[in-house]
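Now, the feature entries from Swiss-Prot:
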type	residues	note
ACT_SITE	His235	active site, proton acceptor
BINDING	Asp234, Glu382, Met383, His476	heme b binding site
DISULFID	Cys141-Cys154	disulfide bond
DISULFID	Cys255-Cys265	disulfide bond
DISULFID	Cys259-Cys283	disulfide bond
DISULFID	Cys361-Cys372	disulfide bond
DISULFID	Cys580-Cys637	disulfide bond
DISULFID	Cys678-Cys704	disulfide bond
CARBOHYD	Asn113	N-linked glycosylation site
CARBOHYD	Asn297	N-linked glycosylation site
CARBOHYD	Asn329	N-linked glycosylation site
CARBOHYD	Asn365	N-linked glycosylation site
CARBOHYD	Asn457	N-linked glycosylation site
CARBOHYD	Asn711	N-linked glycosylation site
SIGNAL	1-15	signal peptide
SITE	Arg379	site 'Transition state stabilizer'
Amino acid sequence: MKLLLALAGLLAPLAMLQTSNGATPALLGEVENSVVLSCMEEAKQLVDRAYKERRESIKRSLQSGSASPTELLFYFKQPVAGTRTAVRAADYLHVALDLLKRKLQPLWPRPFNVTDVLTPAQLNLLSVSSGCAYQDVRVTCPPNDKYRTITGHCNNRRSPTLGASNRAFVRWLPAEYEDGVSMPFGWTPGVNRNGFKVPLARQVSNAIVRFPNDQLTKDQERALMFMQWGQFLDHDITLTPEPATRFSFFTGLNCETSCLQQPPCFPLKIPPNDPRIKNQKDCIPFFRSCPACTRNNITIRNQINALTSFVDASGVYGSEDPLARKLRNLTNQLGLLAINTRFQDNGRALMPFDSLHDDPCLLTNRSARIPCFLAGDMRSSEMPELTSMHTLFVREHNRLATQLKRLNPRWNGEKLYQEARKIVGAMVQIITYRDYLPLVLGPAAMKKYLPQYRSYNDSVDPRIANVFTNAFRYGHTLIQPFMFRLNNQYRPTGPNPRVPLSKVFFASWRVVLEGGIDPILRGLMATPAKLNRQNQIVVDEIRERLFEQVMRIGLDLPALNMQRSRDHGLPGYNAWRRFCGLPQPSTVGELGTVLKNLELARKLMAQYGTPNNIDIWMGGVSEPLEPNGRVGQLLACLIGTQFRKLRDGDRFWWENPGVFSKQQRQALASISLPRIICDNTGITTVSKNNIFMSNTYPRDFVSCNTLPKLNLTSWKET
């Protein structure tokens, strides 16, 4: 039987068919192709209208100076260029499927998957008409490629899109959505998960994460630079863009001002007796991550990674070709990255300013008129500490390109740029795997998950796993509530040596007008990180006061992490323990044994009812730390597994024979982050040994003169 639908409604009623046992049939009927295409056309109109309303809304807010922090954040997480094209296609597809389901729903009161009424040919028709199909066009790779592509394409010659930008995350376990397709758990009131009520994310944050700031424990064996490298690294490998609209596709509802729940709005509801937010009808705004076009099952929602997955310094160089070109100085043949033409930092380069038509960084200090910086990752102006890291590596690229030009006067600008880029990429890999990851995982987990490098393996999948984007947020447990700035004697400097984090977001002016990056880098080296303890998980500066200074309501980062895991359809705590081959607790006592903390186990069970439902971030950061590591068993497995895949599945990994010569590899082995700081700043005394561990001046510090420089002799062409 054919079921003919018209966009205005049903042409004829359909008798409800049931199988003999009362179950929903696998196939409801067949929809006319014209109806499928009509829904797609309507979807395109709805999506385009919502995108346009968003652009006009934020433009008005920025021009009037009334932009909220969520609007500022949107500027840094909005899909742009190729990402925007990919996201728009996925939005067309998902809205069209939703429209089809809405029109079928009156015919079938039971839950069903819309794909049950579509033929494979019609699913392909949706993929083509949305634009999703065109993201899988065949990539032709050059026969000889000495350098990475900017986009990550062709790293794997057998499967050229693996690890490339603007592709879906890989799922290590199947998605778990409330409806089996796209709706997150917690969306529909009264719908249980594994037989238990889904707790409000804000309620879990209040009950388990909250602690008084004056009880904060400083980490005696980790510098704040340990936290900062984690963020810089994360921004090299993952960016999950938020929707290009803040308005409901179907009703035009503004997600920022309304607490109603309509896609893409998934606001955090406020529990009773909240310590800060007294109006229970209020909410914390939240927007679902952009969907991705997926090749195999086009209906089960996945998310998109806007960046290359490889550890390749894409935060310096970009993950799309137009941005990469924009970041370069193409006025000469010197292979340089572009620098700021208006300001310097004590005679040293700053990054260029972005050319945003309406710049959100201008709003953080209206009299200073300092725009956002332009970098390989759009979040570089999010906080001055992050800006300092980006600036450091732009300077290092230009230093290397200049030295390589002296060694090889005949090299043209392209060759100089690519060779310097290749060295910087290797530096980020070495610092990450030699210095940073062992301090995250601890020696036992490091040996288990990241054994000695053997060789490149083209059967290893280097894509970022969806779960990793949540697991790597363990770094929020390391954050101190202040930005610290120190002078050359490592003493607090300037009128504001200790600025609350809530006052530094998007404040590019603090780098330009308040002393540059040197005091910030000293602060990162000589200040301890926060230690994650089971009763001191995340500071209130980012749990209660995130962006509160210009917003109707402060954001709660831990609660946002939990809501995000539900948005992404991530399985719960025990599913990931099983994935990692770890015991899966089922009772309070068993959970108490795993956590080595019965009181915490009781708190978690009071919220979730079962360990199966504990949000992956909450469960992960609750575990006792691995010996000499800063994560527990589960996060060590997930983080270690991801970074092994990023290493072994990278054809351009710095140790892979043929990437660098043996002599070049020997030279690169001596590089260090302290030496890079010495070479590109006015700092003359830096951390000795591992920069991520040393944190006490003068005990842990040495003169720059004692650190070996990178010898570029083996880059000289004969």
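Every residue gets a Cβ built from N, Cα and C, even glycine.
Quick caveat, the model's predicted, so the values are computed rather than measured.
Features per Swiss-Prot, on structure.
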| residue | record | DSSP class |
| --- | --- | --- |
| Asp234 | heme b binding site | helix |
| Cys255 | disulfide bond | coil |
| Cys265 | disulfide bond | strand |
| Cys283 | disulfide bond | strand |
| Asn329 | N-linked glycosylation site | coil |
| Arg379 | site 'Transition state stabilizer' | coil |
| His476 | heme b binding site | helix |
| Cys678 | disulfide bond | helix |
| Asn711 | N-linked glycosylation site | coil |
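The Cβ of Cys259 (disulfide bond) lies under 8 Å from the Cβ of Pro267, Lys269, Lys281, Asp282, Cys283, each of which sits 6+ residues away along the same chain. Shown in sequence order, Gln231, His235, Arg379, Leu386, Gly475 are the same-chain residues outside Asp234, Glu382, Met383, His476 whose Cβ sits within 8 Å of the Cβ centre of the heme b site.
Distance from the CA of Glu382 (heme b binding site) to the CA of Cys637 (disulfide bond) is 29 Å. With Arg379 (site 'Transition state stabilizer') as the anchor, the candidate recorded positions are Asp234, His235, His476, and the one with the nearest CA is His235. Residues Asp234, Glu382, Met383, His476, recorded as binding heme b, reach a greatest CA to CA spacing of 15 Å. Taking the disulfide-bonded residues Cys265, Cys704 in turn, the residue surrounded by the fewest other Cβ atoms inside 10 Å of its Cβ turns out to be Cys704. Just so you know, of the disulfide-bonded residues Cys141, Cys283, the Cβ with the fewest other Cβ atoms around it within 10 Å is the one at Cys141. In the three-state DSSP classification, Cys637 (disulfide bond) falls within a helix. Taking the C-alpha positions, the distance from Asn113 (N-linked glycosylation site) to Asn457 (N-linked glycosylation site) comes to 38 Å.
Non-local neighbourhood of Cys154 (disulfide bond): Val139, Cys141, Pro142, Asp145, Pro160, each in the same chain, at least six residues away, with C-beta under 8 Å from its C-beta. When the recorded positions Cys265, Asn297, Met383 are ranked by how far their Cα is from the Cα of Asn329 (N-linked glycosylation site), Met383 comes first. Every protein chain considered, the tally of other Cβ atoms within 10 Å of the Cβ of Asn113 (N-linked glycosylation site) stands at 17. Listed in sequence order, Met483, Leu501, Val504, Phe505, Phe506, Ala507 are the same-chain residues six or more apart from Met383 (heme b binding site) with CB atoms under 8 A from its CB. In the shown protein chains, 23 other C-beta atoms lie within 10 A of the C-beta of Cys637 (disulfide bond). Nearest by CA distance to His235 (active site, proton acceptor), out of the recorded positions Asn365, Glu382, Cys678, Cys704, Asn711, is Glu382. Around Cys580 (disulfide bond), the C-beta neighbours below 8 angstroms that are at least 6 residues distant in the chain are Gln633, Leu634, Cys637, Leu638, Thr641.
Long-range Cβ neighbours of Asn457 (N-linked glycosylation site) (same chain, at least 6 residues apart, Cβ-Cβ under 8 Å): Asp648, Gly649.
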